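Here TrEMBL flags C:61, C:62, C:111, C:139, C:142, C:268, C:269 as carbamoyl phosphate binding site. Taken from TrEMBL, the feature L-aspartate binding site covers C:89, C:172, C:227. Among the features that TrEMBL reports, domain 'Aspartate/ornithine carbamoyltransferase carbamoyl-P binding' is placed at C:10-151. Annotated domain 'Aspartate/ornithine carbamoyltransferase Asp/Orn-binding' per TrEMBL: C:158-304, in sequence order.
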């Protein structure tokens, strides 16, 4: 991306980042994870700073993760859950941004149904903007926490085979994960119903597309299941949950095709019995809870680093 | 109950507790009530600790009481109000628990429409679980605050006659109060419409059941009115509010049948003119506001003690 | 107003205040605005104090402003957003007040659809009550932040011509602004559709009423646009948005009739293209963001001063 300074102040997506920009987040998050376990995160890192969670889509889980991250570093955290009104969305968004800016917000965490909304905000506010999920675009902190969880298990990304299964086309999680894991050296296998497999990623080096789930999982080091959005089913893009589970659900038999040391990931919340079998979700190979734990640590690292780059930027 | 260690880490109900386990909560709450009046609660008791208020039923009053209790002791308090979805309730609850556990929650306050939900959670999380009301089962902090309020007025429980009036059968407040006040030595009189009087309690020593409200109130030291749940009326279990008030409402005449020093209690929020007359609610005998004040103090004591038992447990 | 002591403990409205009571708020807010810019507000001003935001009407913007003000001064801030129930509103309000009082709330910020609700509460609670907007009555902190913004630009109020345009009749913002700016010496011009122009203000010294927007704006130092409440249109009180904009919208041509140094104000959120043109809202003459910034500073000043007067009052 053309504006390197922007990257030091915002986290809008994984696209355009270099490993040198990404790895410090993972390293800092790793140390925050340790401090969180011993209940001793440094409360003065964000003291006097204001973090606003501006959520235009409801997501208790992600909002709570950012809220805890901010509070554990001593910030004032304010939640704003805004029902997206039907009229003048774009305008309202910019006016909201302008309002928050005037309230002297330091870190603005935004989730929005429109792709590109965080990038638009970032041009209008002095605060550092963190994209907490925008439309079908990106969800960079999810990708960072996934990468950190993988690194903790394998110590590396080079040579790893990561199968990502489900509704790839509509998933900002898949998109950010593919970009980040490729950047760090892993190879990606995508599997899902033909209606939900984007052709764009098929042309990307190191990414293969599989219509057969078994094929994608065989020999994989990481199997990542995506959440089935039930509203897609109404639209006819996904068959019944029963048929979906038969074709693309991760059960013990399928997991048996992966490497013995393979780990199972899911961004949550899970539809048990749809994209993942309960026995797999609760198995020893599942690292789903660790993903949640790393989520708080990654968000602490992101808030901390963006706050520091701001300090330098404004100094 | 078979697991004594559990009691040192959770507060799931009054059933199974001994006076030796209960009285320290009252004593500590008494001292927190004093400190709150002078605005000097010790802010470092829960510093660095995370309290999550996980409310599957909306209750601004109880949630605020726990939130204030946590904040006054210096905890990071995060509110999660979750609309109970229609599908896979049990599963979702456990996955939510697992998520909160992974976020390193220390104290988990839960309200849920299903009886037993907090006990289920307690088996799955490392956090200390506080039951803030589960279905028609228990509401232990309400019972503790009621007991503390009574003790402040009479200095004892032995020999006190406590009348509890209204919808006993569906009330977790009544259930926890009966268990706790009996445990501490008070005698209980239950009064209400025959459809709402459970026969189970009638077999309990020290508990008498009265279909006539006047009979239950006569000579009582404490008269506790329960909130009429208006949805019960639709189900035909309760007559009209006017008829209910005539038969089981606490007005001045009825209160006159109690002892001169009798106190009037209500867990709130009140339906004035239904289960209690306004003149009684606002009378000098009413200790309803004191119950609210003791509510914060009791929750401070509960959060503090559970946090300490955790510390010992994990040390 | 007959109770001078009340004014030292509550902020219920502008009516009845003297310049000597108002100006200290502006002076203190001015200094808090500076401290907020340098991120160094004194965190111990409200340490140990409890601020409850009791909002019976949803207003993310105002609630956030008060929440930030409280947190930046170190208070425990608790949000209570209460859906106004249909039955027994008055009673519920007083019982809610009594509950918050018992929870040892120090500062109670209330927004309510009923005019006079904050004044009613103030009689029942020990906490200092701040009116954050009540029905069509008053919104005193909005008036204070508007006055502060004007003073920062002109250094005075005497001799200023302030045009307030739109739905004057239903606007608590207009009402509080008119009272405060008149008190401080400015002259007021009111412009709006005849159905929305109250005759009462026309009899007030220093206030003129204009059915023609151009006439009101010509030679004005300040042009303040009010938000069009879209629900008024359904009621037939306001013509179409297009027609409204033609008659009472502030566009560049109209703004050109004001003095060259004129500033443009709006309490937000804006309906761009209805009461204000986007080019005007984003112009160099617009001080709308500064109003938001002063909003937090004014609320810090109000919470601080009321808290101090309480301290003296109770000492």
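Placed from the backbone N, Cα and C atoms, the Cβ positions cover glycine too.
Curation does not apply to TrEMBL; its annotations are automatic.
Here the binding-site residues are C:268, C:269, and the one ringed by the most other CB atoms within 10 angstroms is C:268. Those binding-site residues from C:61, C:139, C:142, C:227, C:268 lying by chain A, with Cβ under 8 Å from one of its Cβ atoms, are C:61, C:268.
Each of the binding-site residues C:61, C:139, C:172, C:227 was ranked by the number of other C-beta atoms within 10 Å, and first place falls to C:139. What surrounds the carbamoyl phosphate site, by Cβ distance within 8 Å of the Cβ centroid and not counting C:61, C:62, C:111, C:139, C:142, C:268, C:269, is the set C:59, C:65, C:132, C:133, C:173, C:267, C:295 from the same chain.
When the binding-site residues C:61, C:111, C:139, C:269 are screened for a Cα within 10 A of the Cα of residue C:227 (L-aspartate binding site), the ones that qualify are C:269.
Restricting the average to the domain 'Aspartate/ornithine carbamoyltransferase Asp/Orn-binding' (C:158-304) gives a pLDDT of 93.
Spatially close to residue C:111 (carbamoyl phosphate binding site) yet at least six residues away along the chain are C:54, C:55, C:56, C:57, C:59, C:62, C:63, C:132, C:133, C:134, judged by Cβ distances under 8 angstroms. Summary: among the binding-site residues (C:62, C:142), the fewest other C-beta atoms within 10 A of the C-beta are counted at C:62. Under the three-state DSSP scheme, residue C:142 (carbamoyl phosphate binding site) falls in the helix class. Across the structure, residue C:142 (carbamoyl phosphate binding site) and residue C:172 (L-aspartate binding site) place their CA atoms 9 angstrom apart. Helix, strand and coil counts under DSSP for the domain 'Aspartate/ornithine carbamoyltransferase carbamoyl-P binding' (C:10-151) come to 64 helix, 27 strand, 51 coil.
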